[in-house]
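Enquirer: Shown below is the structure under consideration.
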Amino acid sequence: MSHKIFTTYSDELALLPNLWVKFWLAVLAALLVFCPYVLSQYQLSILNEMSIAVIGAVGLNLLIGFTGQISLGHAAFLAIGAYSSALLTGHFQLPFVLSLPLSGIIAAILGMIVGIPALRLKGLYLALGTLAFGFIVEYVLFHWDVTKGDLGMSVQHIQLGSYTIKTQAQYFYVLTALSALCVLCAKNIVRSKIGRSFKAIRDRDIAAEAMGIPLAKYKIMAFGLSSFYAGLAGCLFAHYQRWIVPGSFDISVSIAFIAMIVLGGMGTILGSVLGAVFITGIPHFIVYVTDSLKDTYPSLTGLIVDFKLGIFSLIVVLALLFEPYGLVGIYKRVKTYWTTWPFRY
Amino acid sequence: MKLLEILINGLSMGAIYALLAVGFVIVFKSTGILNFAQGELAMIGAFLCFSFVMIFGAPYLVGFVLSLLLGALLGALIEVVFFTRMVGKPLFASIMVTVGLAGVISSIAGFVWGHDVYSISSPFANKHLAIAGFAVSYGAAYTILTSIVLLIILLLFFNRSLHGVAMKAAAEDPDTAGLMGINVNQTHMIAWAMGSTVAAVAGIFLAEQSFVRISMSHYGIQAMAAAILGGMDSVRGAIIGGAILGVAEGLAANYLSGLEFHGFHVGDVKEVAAFAIMIIILMIRPRGIFGKEKVERV
């Protein structure tokens, strides 16, 4: 698709292939730095949600988009990360700097444990197995005294040394930095040997094994990595929302994450980021539109729940119908159109 | 006696699961799509029957048949509008479309019928049949019987009729089936119509046993466990899977609820029994009881 012909492998693998990419990334970074000075608290909170979603979506894309292992239980790993951090900082008084990686690691270990039996499952059977796992984790959270079930658990603010992160603007810098770091790591994993093995397994696992890629090792690694990301996202979610209940990690969350990567574009890091921003943004956009219509049509407010779900689902359906390869597909098509203009190929 | 009663009630729930699971299997077998909107289609069926019987005052049987017809129409419509475009596109995108459809359908149902809880007054309400000294509700007996009849018809259709065989062929290899003179698009449409009809039947029976409400669509996901249990590509498997699931749920709800281990309270087992069983089955037989092991070519 790309218009540029690469002459060396290192060119093809480069993180920042040309000056334009560097330029736009710098512009984006500069814009992000100034966001808290321009945007309102509410708008910043949307951006914060997006940052957390980006981490989770990138992790899920490593598993589904790159390795081809469909998981419908991503919310379970988010929940494990969130509850781990809640217990570690609340019950065991660990600092956030330790509880963040630890909650990721706990989620990763559980992810790898799930990954072992999942080696026998393929395609839809794997999807449904992970779906069942998600329900069981939710059930355990509801019925275990440690997690306080329905009452939920309160979580502290993020403490960095003696410094407490409290305002939306402070959260914005922490979350954006962390999510940028996660995206960078994912991008690097993808262009390493591990990433290439993942793709080989996705495209044809038997052939990959014949070529000397240990299937079991890499599949479990993919599960571990994806759960690690989910654990981090869950931990950040817990500290950001400061209150977690099992209901915030139900099947709809897993489905929203899948919607993010399918809509964004499977098997691309850029796609996960775009999808996460898009899917997190839509509900807020719908609320914004209905709020502005409220004065002229007061009867709308009672229907807002149905309205939100309906429009959201409809956007997902239509986007998939017209662009099954996701937002990245649109981006690539537009890019190809302009780089090859006036020719059509 | 208690055990027998649990078994009968479990079987009547199992019959509903079996119907929902068969709906999954029909669509999956002929199009390769796992239909996440199955529970929502069942919900629509129940609401349609409710509207005909309770609002327009039609006789129960008329309402029942009309809702089935409308259900079939809805299924065919969904296929024509959404899935003819998706042929040849990534399968995963099609599956996500059904997830989105599930949301669209339940929000439309929310607009039309609201979020209240209704019930259909059927001719079987509150009547009990005394068999060998214990009471079986008319509804349960009726559910089991109708499901058995319906499932036999479906089995015959898939194994004996030309359309059924064509459907299997279209699933196996759409391109070759097309070359052999099978209208693949039409086959897919029939499959969707059938899947959604069966779902409507399941929904109406479910309403018989509990209520008509939006959240009844959750049974769709539990019925997926039944489909997995039997193997996603086997109608026979789905039926047996549904029966096992219903009975196991009943047993678990009766014997496990209220236990406590080290601060862990077991309650509402009904909600997770299906998924626990699903995981166990997947561990032992990754393709379900009757699912065929696929031979893969590289």
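The chain as shown is numbered from 1 upward.
Each residue, glycine too, has its Cβ placed from N, Cα and C.
Those TrEMBL annotations? Automatic predictions, nothing curated.
So TrEMBL has the following annotated:
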| type | residues | note |
| --- | --- | --- |
| TRANSMEM | B:6-28 | transmembrane segment |
| TRANSMEM | B:40-58 | transmembrane segment |
| TRANSMEM | B:64-84 | transmembrane segment |
| TRANSMEM | B:91-114 | transmembrane segment |
| TRANSMEM | B:134-158 | transmembrane segment |
| TRANSMEM | B:189-207 | transmembrane segment |
| TRANSMEM | B:272-290 | transmembrane segment |
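I would like each feature placed in context: is it buried or exposed, what are its neighbours, and how far apart are things?
Expert: Listed as Cβ neighbours of the transmembrane segment (B:6-28) (distance under 8 Å, sequence separation of 6 or more from its ends, same chain) are residues 34-35, 38-39, 41-42, 136-137, 139-141, 143-144, 147-148, 150-151, 154, 191-192, 194-196, 198-199, 201-202, 205-206, 209, 219-220, 222-224, 226-227, 230, 232-235, 237-251, 254.
With a cut-off of 8 Å between Cβ atoms, the residues of this chain six or more beyond the transmembrane segment (B:40-58) that come close are 20, 23, 64, 66-68, 70-71, 74-75, 101-102, 105-106, 109, 112-113, 118, 120-122, 195-196, 199-204, 206-207, 212, 214, 216-217, 219-220.
Distant neighbours of the transmembrane segment (B:64-84): 31, 33, 37, 41, 44-46, 48-49, 52, 58, 94, 97, 101, 185, 188-197, 199-201, 204; these residues of the same chain sit at least 6 beyond its ends, with a Cβ under 8 Å from one of its Cβ atoms.
Within its own chain, the transmembrane segment (B:91-114) is flanked in space by residues 31-37, 39-41, 43-44, 47, 50-51, 78, 82-83, 214, 217, 220, which lie at least six positions past its ends and keep a Cβ under 8 Å from the stretch.
For the transmembrane segment (B:272-290), the list of distant contacts is 222, 224-232, 234, 236-237, 240-241, 244-245, 248-249, 252-253: same-chain residues at least six beyond its ends, Cβ to Cβ under 8 Å.
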